[in-house]
Amino acid sequence: MAVALAVALGSASVAPAAPAFAANTQVRDLEYWLNDYGFTQAWNTTRGAGVTVAVIDTGVDASVPELTGAVIGGTDVSGLGSADGQTPVGEGSEHGTLVASLLAGRGTGEGSGVLGVAPEASILAVSVAFGSSDASLSNDEQIAEGIRWAVDNGADVINMSLTRNTLDWPSSWDDAFLYAFENDVVVVAAAGNRGSGTTEVGAPATIPGVLTVAGVDRTKGASFDASSQGITISVAAPSEQLVGVVPGGGYVQWNGTSAAAPIVSGLVALVRAAYPRLDAAEVMNRVIATADPNGREVPSPIYGNGLIDAAAAVTALVPASTSPEPAALLEEWIRVHRRADTELAPTPDTSTQVPVAVQNDPERPLPSVAAAWLPTPLTLTYVSVPLMVLIGFGTLVTLFGIGATRHIKRIRSKR
């Protein structure tokens, strides 16, 4: 079945507008989350050395100063990129480089450059051509193949700043995610964004065993545009006014759970480096158990178990997890719901194809600078409409769209 999956981005172009900040602004001065969420304190314990994070995205440009030496391997699963995954491909091709810089930037660029939350972690670049009909595999199959490759090539963590914008996922993902879980890999996924028309989290953030990330604004309140909600949300992380590096050099400020996810993936890398004997379930437990409720009742469909606290995650005394292993959670879901899908769901009519297009953010007042960077509609490939029974959600029609859209504004167009 030919399908299209959307990376959590929206329009990927960064428009050449006037800088949003003074010319002498240092990039490091804009990285508020490093102090506000305890990363600078956590670095007294570890900076993530020895941990490998796979970024399944649009490819990572390892030639930018911030990522020099950070990318230790990669692959292309689309048939359109380079063999090492370092050629950006598909719609929003700069997305993967932005994600990688937030996660493991070395802080070696202009104005001190972007310093990632795990600045000594290593990156595997897995390039996927989202929104392209020329790829050798469907988007769903690219994702499944990318996961398997990442596991086989030493990933300790997999970052997935992407969403289907639906609660369900293809059966091919069952095996791929199980393979990751059975090999002790932590999978981190973005929840998606209200701004793209997604009010509930979408797969892979709905898959049992995944660490799902919601987004908050500078005041640590729920982001209006940059986060969806749902019962599968694990933790919340900053998702607004985040600074990243684009391919070829230059910085942009962007919003979205696409950006919040690599911050949490970086935190997972710090925990894995600090506690190398912990398995994936215990690592996730440490991130979740040390989250700060910030005065709110948790768990919550908006904040999950609270705001991440990097310093606590790598230093606090945390009771052992009593939750099932991620693989056990997914296996049970498959046992119950794939059987129900077979028994109850009607056979999809593959002769009817449904056009899918990107959804823009809802109309509402926006700051003048941000308003210029709303995503433009894109036409994706056509997809079939399978039906599936999901726990608590009933039967859903599968439609793919671009989620976790972030608003981008130029900080500097050139180094």
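Glycine is treated like the rest: Cβ placed from N, Cα and C.
Among the features that TrEMBL reports, active site, charge relay system is placed at D57, H95, S258. Among the features that TrEMBL reports, domain 'Peptidase S8/S53' is placed at 48-306. The signal peptide annotation in TrEMBL covers 1-22. If you look up TrEMBL, you'll see 385-405 marked as transmembrane segment.
Everything TrEMBL records as a feature, shown here on the structure.
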residue : record                           : CB count, 10 Å
D57     : active site, charge relay system : 34
H95     : active site, charge relay system : 34
S258    : active site, charge relay system : 36
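H95 (active site, charge relay system) and S258 (active site, charge relay system) have their C-alpha atoms 9 Å apart, to the nearest angstrom. The average pLDDT computed for the domain 'Peptidase S8/S53' (48-306) is 93. In this structure, the CA atom of S258 (active site, charge relay system) is 10 Å away from the CA atom of D57 (active site, charge relay system).
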